[in-house]
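*Asks:* Please read through the structure below; I'll follow up with questions.
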Amino acid sequence: MPSQRSSLMQPIPEETRKTPSAAAEDKRWSRPECQLWTGMLLLGTCLLYCTRVTMPVCTVAMSQDFGWNKKEAGIVLSSFFWGYCLTQVVGGHLGDRIGGEKVILLSASAWGFITVTTPLLAHLGSGHLAFVTFSRILTGLLQGVYFPALTSLLSQRVQESERSFTYSTVGAGSQVGTLVTGGIGSVLLDRCGWQSVFYFSGGLTLLWVYYVYKYLLDEKDLVLALGVLAQGLPVTRPSKVPWRQLFRKASVWAVICSQLSSACSFFILLSWLPTFFKETFPHSKGWVFNVVPWLLAIPASLFSGFISDRLISQGYRVITVRKFMQVMGLGLSSIFALCLGHTTSFLKSMIFASASIGFQTFNHSGISVNIQDLAPSCAGFLFGVANTAGALAGVVGVCLGGYLIETTGSWTCVFHLVAIVSNLGLGTFLVFGKAQRVDLVPTHEDL
């Protein structure tokens, strides 16, 4: 008995005893793995926006073919967000449980297929508006899981000191994708018709899915994930995160409010800027206003991540850096949006639009990373909650934008709406935003 007791009293060997932080370290990507995945996720985000922006680029041509007015075009444009807002939390939860990379791959394969088949749906009988709206809702449902799953993946696999640059690099794919569809898509639109733009973006997405599946993912892990989804079973033990405690924190609501404002203002500009330039400057080249703002936004996004990590490494408080990024991403960008509604010069409009879109990319190094600061153990879920709020606001914002244009005939009201929404979110984050973790479960040692 003494020998048994003494053996039971022996400390657990250090190599077999792992703290949560040590277990998290085991899941981190190595430098080569991080570089490879960053490149592939950058491309994935690019294709996400290629398919998302296809409809705004083609709206004018499709409206002419099918006889849609501004309100009907607004319904089609906003229908994406009807689906998008429903799967944010699900995407984050699944990313936390089965792995964000698997969620991303499965959803991309489905939205790529739907994008390719959208022109076919549009010509099914006389209900073209209903069929196109339905396809956009499905696309929104499938793309809604992407960023929550991405946030979950990066919070688990990337070192904290590198998250801002990694996230801003991957986030730059949104501008690259918009740029690709705006440039190549505009050429295809003029030469081959609007259907070719859908075939182009959807086909590239399916090729990306094949490459990631073939070379980066373990087939057994993907099959296991599919089995888990089919059975509806959790992969890991139930979460012990104190949700009631989490949502009592003002900092959590501040980041949700700021994400809502950021997403809403971005979606309004994303959806309506092509139509604004097409109608205000009808003799301008489509590829110019569909390319230049997003082209300049790419280095802006990379710079925001670089300067954010640099400031933190030099000793500036994390929350100070996050708030500075939001002043640029919501405050300064809204000023240029206001200017956009008070000029009749094409050149000035291009400058203001480029500046507004460019400064919005600073949000990648602000609130997007602040969610990982607050709750790295459930970052996907929390981002899903925040982006659900943003998507719902996007539905209202895009529809309201179409209504304002139709009833007032003025684009100034739309840009005023962007400025109001942006500054409400900025003010909330500046007052209540923090960077301390709020997902830690109190232990006896803490009492």
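Cβ atoms here come from the backbone N, Cα and C positions, even for glycine.
When I checked Swiss-Prot for this same protein, it listed these features:
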REGION    1-26  region 'Disordered'
COMPBIAS  14-26  compositional bias 'Basic and acidic residues'
TRANSMEM  36-58  transmembrane segment
TRANSMEM  74-94  transmembrane segment
TRANSMEM  103-123  transmembrane segment
TRANSMEM  129-149  transmembrane segment
TRANSMEM  169-189  transmembrane segment
TRANSMEM  197-217  transmembrane segment
TRANSMEM  252-272  transmembrane segment
TRANSMEM  287-307  transmembrane segment
TRANSMEM  327-347  transmembrane segment
TRANSMEM  380-400  transmembrane segment
TRANSMEM  413-433  transmembrane segment
*Asks:* Quickly jot the same-chain residues contacting the transmembrane segment (74-94) by Cβ under 8 Å, restricted to those at least six beyond its ends, or write none.
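*Replies:* For the transmembrane segment (74-94), the list is 52, 55-56, 59, 62, 68, 103, 107, 129, 132-133, 136-149, 151-152, 229, 267, 271-272, 378-385, 387-388, 391-392, 394-395, 398-399, 401-403, 406.
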*Asks:* State, in range form, which of 287-307, 327-347, 380-400 has the highest count of Cβ pairs under 8 Å to the transmembrane segment (413-433).
*Replies:* 327-347
*Asks:* Can the transmembrane segment (129-149) be said to touch the transmembrane segment (380-400) if we require at least 3 CB pairs below 8 Å and skip pairs under 6 apart in sequence?
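*Replies:* Contact between the transmembrane segment (380-400) and the transmembrane segment (129-149): present, because at least 3 Cβ pairs are under 8 Å.
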*Asks:* Would you mind listing the long-range same-chain contacts of the transmembrane segment (103-123), meaning Cβ under 8 Å and 6+ residues beyond its ends?
*Replies:* 41, 44, 47-48, 51, 54, 62, 66, 91, 94-95, 131-132, 134-135, 138-139, 142-143, 145-146, 149-150, 153, 194-195, 198-199, 201-206, 208-209, 212-213, 217, 222, 225-226, 229
*Asks:* Taking residues 6+ outside the transmembrane segment (252-272), which of them lie with a CB under 8 Å of any CB in it?
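*Replies:* Sequence-remote neighbours of the transmembrane segment (252-272) are 52-53, 56, 77-78, 81, 178, 246, 326, 329-330, 333-334, 337, 353, 356-357, 360, 363, 366-368, 370-371, 374-375, 382-383, 385-387, 389-394, 396-398, 401-402, 405, 414, 417-418, 421-426, 428-429, 431-434, 438.
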*Asks:* Against the transmembrane segment (169-189), which of these stretches has the most C-beta pairs under 8 Å: 197-217, 327-347, 380-400?
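*Replies:* Against the transmembrane segment (169-189), the leading stretch is 197-217.
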*Asks:* Using a Cβ-Cβ cut-off of under 8 Å, list the residues of the same chain that are 6+ residues beyond the ends of the transmembrane segment (380-400) and lie near it.
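*Replies:* Distant Cβ neighbours of the transmembrane segment (380-400) are 74-75, 77-78, 81-82, 84-86, 88-96, 100, 140, 144, 147-149, 151-153, 155, 246, 252, 255-257, 259-265, 267-268, 271-272, 367-368, 371, 374, 417, 421.
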